[in-house]
Amino acid sequence: MNSGNLAAKENEMDNREMKSKDDRVFPVFFMFISLVNLIFCLGFIFFIDLKIAFVIALFCYLFIVIFELKHNIRSPVSIFMLLMYTVLTLLSWFDIYIGHRAGIIIFTSLALLVGGLLLVGKPFTAFYSAGRGLRALHYTNSAIWLQAYLLSLFFSIWFVPEIEFILVPYAICVMAGLVTIFFSIVWFGNNNIRKDKFSINNFDFKRITESTAKYQRFFIEKVLSDEQRSYILLNELQHEIANSVFDGNDNVLIFCAYDGDKMVGCIRCVLANEVPLPIENEANLDLQNLKRIGSILQVGRFSIDEKYRERPEIITGLFKCLIELALAKDISFIIGNAATHRVTLYMKLGFHLLFPPSDPRSRVKLPYGTLCTPVIMNFSNLIIKNRDEVSKYGFIDYVNRYLLERWYKRAALRYYLKKTSRRPWELEVKDIRELLNPVGDIAK
């Protein structure tokens with residue numbers, strides 16, 4: 001792409017950012033900033049002169065409150081801490097002795113505030129997500145901090161005048177912060193991890209991890225019976241599927257749907273790595289520029305037994321496999337080569353044509369004869385900017401809510417300081433198209 005055009009595009013998108021309202025994704029970023037700020041302020045109070053420490057903490061919380069209000073966050077904890085440090089600063093500068101009582105005052109106040117919010121059903125972390133998010137996680141994180149404040153209060157009294165009355169409460173708060181971050185963006189129990197096996201109504205969905213022969217036979221049967229069967233080159237198809245070692249790679253995940261012991265559907269997901277994705281070879285594309293913006297997953301070999309195509313549970317279950325994998329792996333873009341007669345289905349599920357129909361690149365012929373159309377889903381845009389739109393596709397109701405929230409928080413942390421043009425959810429299909437580098441001749 002011409003560097004001048006790219007610079008102009010970035011400037012245009014940055015101007016759009018300045019004119020637009022604050023992005024909804026970033027308020028959650030301030031929950032982590034607030035926790036870090038709390039730890040730093042406690043460190044100042046515990047380890048330097050109180051007169052100076054209170055002033056530093058006061059300005060830190062003033063900065064935090066201003067930025068939170070700018071993002072429409074009204075956190076009772078941040079506002080209360082600002083007021084409390086204002087009072088403590090005034091008392092210290094009027095030579096009213098506080099000394100070892102500082103920790104007792106702070107931890108008592110915080111325990112009462114956080115405990116009170118929990119009692120009225122408003123965990124303090126919920127203020128950073130406008131009340132949205134996984135309620136169990138909000139309550140768990142708030143309860144962790146309540147216990148941390150109570151324990152810190154106890155040890156602030158118990159260890160006086162030993163140095164432990166400073167070190168132990170500080171260590172407890174640091175641990176509470178680490179546990180909160182761990183629960184928020186890493187793991188929150190085995191019930192909230194991606195499952196390789198689950199059921200919807202009477203249908204089972206499983207990831208194929210060992211022998212893929214049954215799946216390969218099923219896919220070949222479905223290809224030979226679909227609407228393009230007159231174009232299929234049987235020998236090439238059998239050779240392509242049966243002799244391929246690609247399905248055994250670590251970055252390839254295959255999911256199948258079952259009615260009892262009968263396989264009735266399948267879908268293959270390929271995670272991008274240093275090796276080009278299949279679509280890059282099939283459609284002569286170079287996705288390196290797009291990979292620099294966000295992670296990519298290719299979906300394909302999406303087939304359903306003709307007798308089960310009217311059962312919404314099959315599509316829902318297979319796309320649950322896809323979406324939860326995308327969430328678990330922090331995927332930004334999902335790309336695919338849809339058989340031309342399946343394009344409408346893909347578009348109903350949130351995909352868009354990668355190229356307009358008039359573009360020769362919109363038609364890709366696979367080695368065994370199937371004609372395909374490259375499609376793409378800006379997964380990050382769907383999650384961040386069009387979450388209301390997601391519900392109409394149906395499968396989102398079955399998706400693990402913790403994985404959805406974790407993806408959201410990780411995106412906030414990863415992209416907060418980046419330009420708008422480098423945030424994947426800001427890219428429209430035409431922007432994505434401009435990032436693609438063609439390689440060689442277009443497939444005919």
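Cβ atoms are placed via backbone N, Cα and C, with glycine included.
In TrEMBL this protein carries:
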DOMAIN    238-357  domain 'N-acyl amino acid synthase FeeM catalytic core'
TRANSMEM  25-46  transmembrane segment
TRANSMEM  52-69  transmembrane segment
TRANSMEM  76-96  transmembrane segment
TRANSMEM  102-121  transmembrane segment
TRANSMEM  142-160  transmembrane segment
TRANSMEM  166-188  transmembrane segment
Query - Averaged pLDDT, computed only over the residues in the domain 'N-acyl amino acid synthase FeeM catalytic core' (238-357) - result: 90
Query raised in the report: Cβ pairs under 8 Å with the transmembrane segment (142-160): which stretch of 25-46, 102-121, 166-188 has the most?
Result: 102-121
**Report entry** Summary of DSSP states over the domain 'N-acyl amino acid synthase FeeM catalytic core' (238-357), given as helix, strand and coil counts
**Finding:** 48 helix, 41 strand, 31 coil
